[in-house]
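Per TrEMBL, transmembrane segment is recorded for 136-158, 204-223, 243-264, 285-306, 352-372, 379-398, 433-450, 462-485, 505-524, 536-556, 568-592.
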Amino acid sequence: MRSRGCGSAESEYRKMPPLFEMDDYNECMLNPEGTYCVSSFDLYSKGHSSLMHFIREYSAHKTKHFNHTRIYRGVCVTITCEHYFNASNITSDPGMILEGCINETVWRDYKIEARLSKLDYCKRHDDKIVLDVSDYIVATIYVLLVLLNIIGSFYDVILCDKDQKQGNQYLLAFSLRKNWAKLIAPAGSGPDPRLERLKLFNGIRAMTMICVIFSHTALVMSFTYIKNPIYLEKAYDDPLKQLLFNGSLVTHTFFVMSSFLLAYNLQILSETKEIKWTKIPMAILLRWIRLTPPYALIIATISTWMRHIGDGPLWPMVVTSEANICRQYWWANIFYFNNYIYSDDTCFPQGWYLAADTQLFCLGVAFLVLVQRSCYRKVGLVMLFLLSLVITAAHTYFQDLEAVVIQSPESYRSIYVTDDTFDLVYIRGHTNISTYIMGLAGGLLTYHWQKNEKDFSKYKKYRWAFWSQFPLGVAVILSGGFFYIDGYIPSTIVRVTYATFYKPLFQTLIVIFIIGTIFKIETVYRGIVEWRGLTWAGRVSYSAFLLHTMFQRSYVGGLTEPLYMTDYYVLIVLCASTFLSFLCGAGLWLCVEAPLAALSRALLSNKK
């Protein structure tokens with residue numbers, strides 16, 4: 001059916017019961033007996049109702065519309081349903097009170113009925129979340145980290161001002177002055193001059209991270225109660241917003257960067273050291289040591305203190321729910337296989353990327369170490385790439401999946417936990433091999449061309465082709481809007497073909513961009529990604545990635561009324577999220593990520 005709820009049908013749209021409503025939470029909690037319940041209700045009609053017919057017809061268009069047959073309410077039972085509370089003999093059952101109370105309201109205003117679908121939870125005036133042992137343990141860890149940074153910094157400034165190399169490397173690892181110098185140091189500094197050409201990666205990381213924060217801003221804001229859900233439903237017909245709905249492609253740029261650097265750096269290392277298969281476990285361990293400490297600290301914070309830092313009618317739904325699942329499944333995240341185990345709620349949902357990238361790193365490092373002859377590597381890369389295409393096509397065909405992750409309003413509300421395309425293809429390691437292989441090939445090719453001093457000056461006359469990559473990349477992203485066209489049902493062959501090739505096509509542009517920038521094909525794009533101001537942001541992008549949803553969730557979880565969404569409002573929240581994420585990310589990098597990385601290097605260097 002064609003999308004409705006816009007233009008001439010908007011007046012009919014407004015006749016429907018509001019999708020989300022919330023009573024005054026603060027007023028409710030002032031009453032010593034105040035009880036505030038969050039629940040959902042299914043609408044129905046015993047007889048013929050033209051309004052109910054419209055609601056069902058409108059909700060059937062699942063790609064662009066919320067399910068308006070189910071409404072969501074935050075109700076102060078002791079005020080809104082006071083007459084039921086006093087007159088009913090079943091006051092001990094809040095579900096029955098809510099159903100009777102809301103059904104009466106819906107019938108009076110719309111002449112249709114409502115039955116309780118789910119009572120999520122009820123909050124009472126005297127409800128408190130009590131501190132437990134895990135809270136104190138995490139607080140102790142924070143105190144220890146602060147003390148170590150203070151001690152290391154004073155040790156550096158007072159005792160090691162002249163020669164840091166002669167000082168205690170374990171204490172110097174926690175020197176804020178030393179880590180600050182690392183943070184603001186020029187990109188590409190190192191013993192090998194070839195590393196100087198890799199400074200573009202900081203710029204790409206920073207800009208890709210901003211895109212990720214943008215997509216998660218819209219996601220988290222759609223996860224809460226919205227006063228004007230029609231804003232989101234209309235967004236699907238806005239070409240500019242299609243960049244958001246199909247922008248999940250951008251996340252896979254991290255796979256390309258990770259694999260490119262793995263291949264390139266391993267080739268440089270092989271010039272001075274023999275790379276044996278016995279080094280594979282150590283390479284994997286080093287990666288785990290580098291990624292896990294700040295990640296584990298954030299998971300621990302979400303599981304403990306995030307429950308206590310705020311309050312609101314939706315706080316249990318948005319914040320505490322994640323804390324509870326993290327307390328149960330934290331081990332799956334820090335051992336990086338969480339993208340294969342979750343079936344409903346998820347701990348740190350964006351952590352799927354870290355898991356998939358770690359799994360692909362294991363594959364990549366094993367391949368590069370075990371297959372070192374150039375001719376065998378070429379054949380192996382081609383075979384792995386083709387195998388990945390077959391895997392994606394097989395998943396899409398045999399499991400009847402969508403070509404892309406359809407960013408429907410209901411998918412936003414559930415954070416994709418019921419989306420098979422997201423769970424079975426988008427977040428898995430084995431379904432993302434193609435983009436990782438492209439990065440490996442790009443890194444090996446760049447190393448080979450640098451070693452042979454390939455002359456790229458003759459290609460500079462084709463700068464116009466290089467400049468076309470940005471509009472081509474935008475075009476690939478917008479092509480996903482093809483699957484949002486009203487009334488269009490793509491055939492199986494279309495879905496399978498698009499699902500198989502759209503990620504490799506987009507990441508081909510990324511690999512070409514990286515290689516072209518390294519070999520200085522042009523100066524416009526290169527000047528942007530190599531800008532010194534993006535260097536520090538690229539370095540703290542991992543910390544910003546770990547932190548950004550904590551700010552976003554705590555913001556929407558603390559709302560006491562439905563959120564009125566506008567373009568300007570989303571932009572303001574995006575800017576605030578970006579600023580806080582990179583600012584606090586710099587703090588996390590200085591106090592946790594950089595010190596623990598330096599500490600691990602000091603420990604391992606002494607135990608060679």
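Here the Cβ of each residue, glycine as well, is placed from N, Cα and C on the backbone.
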Selected stretch (most C-beta pairs under 8 A with the transmembrane segment (243-264)) from 136-158, 352-372, 379-398, 568-592: 352-372
Other parts of the chain folded back onto the transmembrane segment (462-485), taken as Cβ under 8 Å at six or more residues beyond its ends: 63-64, 236, 239, 242-243, 245-247, 249-250, 402-404, 406, 498, 502, 505-506, 509-510, 512-513, 516, 521-522, 524-525
Beyond the flanks of the transmembrane segment (568-592) by 6 or more, those residues with Cβ under 8 Å of it: 145-146, 149, 176, 179-180, 183, 209-210, 213-214, 216-218, 221, 293-294, 297, 536-537, 539-548, 551-552, 555
Stretch in 352-372, 505-524, 536-556 most in contact with the transmembrane segment (285-306), if contact is a CB pair under 8 A: 536-556
Same-chain residue ranges lying at least 6 outside the transmembrane segment (379-398) that approach it to Cβ under 8 Å: 367, 371, 424-425, 430-434, 437-438, 440-441, 492, 495-496, 499-501, 503-504
Long-range Cβ neighbours of the transmembrane segment (505-524) (under 8 Å; 6 or more residues past either end): 197-198, 200-201, 204, 249, 252-253, 255-257, 260, 434-435, 438-439, 441-442, 445-446, 449, 454, 456, 459-460, 462-463, 466-467, 469, 472-473, 476-477, 530
Selected stretch (most C-beta pairs under 8 A with the transmembrane segment (204-223)) from 352-372, 433-450, 536-556: 536-556
